[in-house]
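**Q** Copying in the features that TrEMBL gives for the protein in this structure:
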- 210-233: compositional bias 'Polar residues' (COMPBIAS)
- 234-251: compositional bias 'Basic and acidic residues' (COMPBIAS)
- 39-109: domain 'UBR-type' (DOMAIN)
- 209-251: region 'Disordered' (REGION)
- 39-109: zinc finger (ZN_FING)
Amino acid sequence: MADAFEDEMERVVTIDEYIKEVEAEELEADLVLGGDEGKECTYANGYMKRQAIFSCLTCVPQGNAGVCTACSLTCHDGHEMVELWTKRKFRCDCGNAKFIDFTCKLTSDKDSENIDNKYNHNFKGSYCTCGRPYPDPEAEEQVEMIQCCICEDWFHEDHLGLNSVNEIPRDEEGEPIYEDFICQKCAPTFTFLKHYPSSIMSRPVLENAPQATDTNPNVTVNGSAPEANSSTDPKPDSNSKGKEPMNDEDAKCKLGKDINEIFSGTEIPGTMFLSKKWREALCRCETCSTYYAKSGVEYLIDKEDTIAEYEKMAKEKRMEKLQQQEGAEMNFLNKLDHVQKIEVLSAISDMKDELRNFLASKQDSADPSRPITSDDVRGIFDNLRKKKQRLL
């Protein structure tokens with residue numbers, strides 16, 4: 001009975017633990033939003049390589065429009081919103097012809113339609129081949145889904161067309177070891193990947209499994225041989241930001257055959273899991289690059305399209321923002337005279353001590369699970385005020 005009571009008690013955390021949890025949540029949000037603070041509409045940036053997008057079902061119940069982070073906060077506050085994570089090559093729709101009698105509050109002058117935007121059933125709040133929402137109100141347990149790196153739809157693990165979820169590449173701890181996933185619907189366009197070394201595919205970890213032998217000597221992935229790209233990234237072409245310039249090695253076809261002749265129509269590949277850095281192994285010769293463009297997947301050889309690059313950019317923006325905040329704090333302190341600096345630093349120290357004392361007393365109380373009330377907060381500041389009065 002006592003154990004059951006302990007399980008029902010709220011978790012008690014220290015102020016340091018709380019701060020770390022808040023920072024972790026802020027970092028997660030920054031990674032999804034790409035470091036976008038949501039102050040300006042991104043419409044003027046055109047079709048961005050990748051950005052966070054939201055669908056407003058209040059304004060466009062058909063689910064065929066998407067808005068940027070800033071518009072979701074400023075123009076659609078309180079509306080029924082669907083968070084879509086990130087979308088590639090997308091331009092903010094807020095206030096265009098799809099929004100009847102509605103004008104964007106941040107950028108009013110917009111085209112009536114963004115013809116290059118692509119939409120799927122995610123914009124209606126449906127996902128996977130089963131078309132269920134996420135979170136699913138009818139599900140006993142919310143299960144994480146996997147996003148296809150091509151169509152960008154999300155799938156439940158048991159709806160991937162596999163014989164078993166054990167076919168999903170994971171390590172001994174159950175963590176994913178693949179970088180990207182291509183769904184069954186998108187896979188036929190990528191039959192050519194089967195002609196690369198088997199190391200480009202990520203497979204489940206099997207004990208005592210023999211190592212696959214690669215027959216194509218022109219390319220390696222995560223092997224000991226040098227990869228297609230050197231560890232030092234060359235400077236990008238001014239007319240092709242994110243794409244690396246062609247060199248002699250790229251001019252040679254790594255497949256050793258015409259990519260246009262590989263798909264015969266009889267070979268239908270299934271779900272694909274790609275290994276780490278698989279995109280770096282893709283051939284960049286003129287014939288293959290033309291095939292990518294013709295198939296609408298030229299972004300595969302654009303480094304800035306990857307989620308890893310998007311999150312790297314978000315982390316850099318976050319660090320820059322934190323440094324600016326620290327700089328602003330130091331500038332504020334530097335403007336104070338010596339006595340004022342001592343008073344400010346002393347007040348901060350007193351606040352920390354009072355919070356620690358309060359949390360310690362709460363944890364030692366008869367009912368540590370009791371929620372913190374407004375009276376508790378007022379008590380903290382009353383104690384600080386009394387301490388200041390005693391000093392004066």
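Cβ atoms here come from the backbone N, Cα and C positions, even for glycine.
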**Q** If you average pLDDT over the domain 'UBR-type' (39-109), what do you get?
**A** 96
**Q** Could you give the number of helix, strand and coil residues in the domain 'UBR-type' (39-109) as assigned by DSSP?
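**A** For that range the per-state counts are 9 helix, 16 strand, 46 coil.
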